[in-house]
Amino acid sequence: MMRSHYCGGLNRENIGQEVTLSGWVHRRRDLGGLIFIDMRDREGIVQVCFDPKYQQALTRAASLRNEFCIQIKGEVIARPDNQINKNMATGEVEVLAKELSVYNAADVLPLDFNQNNTEEQRLKYRYLDLRRPEMAQRLKTRAKITSFVRRFMDDNGFLDIETPMLTKATPEGARDYLVPSRVHKGKFYALPQSPQLFKQLLMMSGFDRYYQIVKCFRDEDLRADRQPEFTQIDVETSFLTAPEVREIMEKMIHGLWLNTINVDLGKFPVMTWTEAMQRFGSDKPDLRNPLEITDVADIVKDVDFKVFSGPANDPNGRVAVIRVPNGASVTRKQIDEYTQFVGIYGAKGLAWLKVNDVNAGLEGVQSPIAKFLTEEKIKAIFDRTSAQTGDILFFGADKWQTATDALGALRLKLGRDLALTQLDQWAPLWVIDFPMFERDEEGNLAAMHHPFTSPKDFSPEQLEADPTGAVANAYDMVINGYEVGGGSVRIFDPKMQQTVFRILGIDEQQQREKFGFLLDALKFGTPPHAGLAFGLDRLTMLLTGTDNIRDVIAFPKTTAAACLMTEAPSFANPQALEELSISVVKTDKE
């Protein structure tokens, strides 16, 4: 037998038992006549004592070094009272080693487990990085999450059905990863950005509750919370309304938090997209932050200050305020830094006003813009924002999107900088009723979610006549400012689907080429259906308290979509390329 117990599982109940442990030397201490090691496996660490009573084991222990892979046979004994370590789960016991076997020695480590290592080092030697207890704990939590999800889905009548990895390229927002076909020369498969169309087809096939924990792929520019391959908890249902879908999924996430970290998330509030953008400047608001955005365009539309009056009189403009309670102590240097910060989001400046005495009107404020405001305007702004003595007001005035983005980002930064955001709290919500379409950089209409989302209370004719007025029957789940899941009611009427395609500039020929199979399937008694997908990586990130998605993926890529450990991607064998009828064209940059 190689193992009878895990190191991290030993406690007082095991005292007197003979155990066999297998794992790694985490730390070694030579005290002359005695040698102690901390022995580690995936479940934790236990102290092992080598005593002269068992001389052969003690002699062998002298050669042990960190990360040697070993086996210990010995007896669990109680630690003396003055040696109990309350910081360890196994701190009341130790193992008296009677036999020691070395499975494998370890070279000098390229990582130092007792210090911070660079991200590059950690990814290059990921198999060593994963030995660290905190990394092991994160992957164990991930396994616990998927286990809970599978049980929940099974208990609620969902079927785990796999969908293809090699599929057809369809426009879903990001670039596809393409896989060449050897048999069909010149043709390519695409790795799926999501199982979207296949899960809709499963609804058309009669499988009214589907789920899958599935890999997805997107060839896009990466951020700290993005990876080229990521994992979704993918869900689709038939004959359920949007509120019913949300109710089931909220129940799952509620149970997941209770099961994983023993936190009761309570009832999730529901907020429209419009309200979220107006009050918080984001469609994924972090409600742990008490700061809100207040519109004041109607108050300042006739002031003699074009920075305010211009956007205030522009139908596409916005003038709004963030009130920071007790923020008047913010220094001019900090204000300059905040002004520079909002510039990242396109804002041309940042007006501010300190409230030194809320009852003194203009005399009680300190601001470069005070000269443009009357007593009446000041009072109206104070009343609208509930300003108090000692507050500071920050103003955003620009095109609606620019002002909203800038103030939304500033709100988050102020919350962090001034310790207003309650970091020890959980704040979930649903955001619903998104616009059906948005303008892209060229000014063309694009689907805010994807082109298979159904509009709310619009006929195909109404949608074609007023596409920008349509509201999508879509919903996102947001927790602490992160979108952890999103979905929608799907289009199940072929006429509506063709209308959406036309609005997006996809003509009939392209519709047949790219989506002919879907349009055909919609003609054969398609049920009403709705679904959503959760990002498993992001859920795990939140539940383990890390801010980097790479910390919860066993073998992640860098922000350049590379694997430093295996050195992927790599050049292909010329013979393999020839069989695929592919030639590599070198550019001047190479």
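The backbone N, Cα and C atoms fix where each Cβ goes, and this holds for glycine too.
DSSP assigns ARG218 (L-aspartate binding site) to coil in the three-state reduction, placing it in neither a helix nor a strand. Per Swiss-Prot, the feature L-aspartate binding site maps to GLU172, ARG218, HIS449, ARG490; the stated evidence is sequence analysis.
Mean model confidence of the region 'Aspartate' (196-199) amounts to 97 (pLDDT, 0 to 100 scale). The region 'Aspartate' feature in Swiss-Prot is assigned to 196-199; the stated evidence is sequence analysis.
There are 20 other CB atoms within 10 A of the CB of ARG538 (ATP binding site), with all protein chains counted. Sequence annotations record features per position, and here Swiss-Prot assigns ATP binding site to ARG218, ASP219, GLU220, GLN227, GLU483, GLY535, LEU536, ASP537, ARG538 based on sequence analysis.
When the binding-site residues GLU220, GLU483 are compared by the number of other C-beta atoms lying within 10 angstroms of their own C-beta, GLU220 comes out lowest. If you count neighbouring Cβ atoms within 10 Å for each of the binding-site residues HIS449, ARG490, the highest count belongs to ARG490. In the three-state DSSP classification, ARG538 (ATP binding site) falls within a helix.
According to DSSP, HIS449 (L-aspartate binding site) sits in a coil region rather than a helix or strand. Counted with DSSP, the region 'Aspartate' (196-199) comes out as 4 helix, 0 strand, 0 coil.
ARG490 (L-aspartate binding site) falls within a strand segment according to DSSP. Every protein chain shown contributes to the tally, and the Cβ of LEU536 (ATP binding site) ends up with 24 other Cβ atoms within 10 Å.
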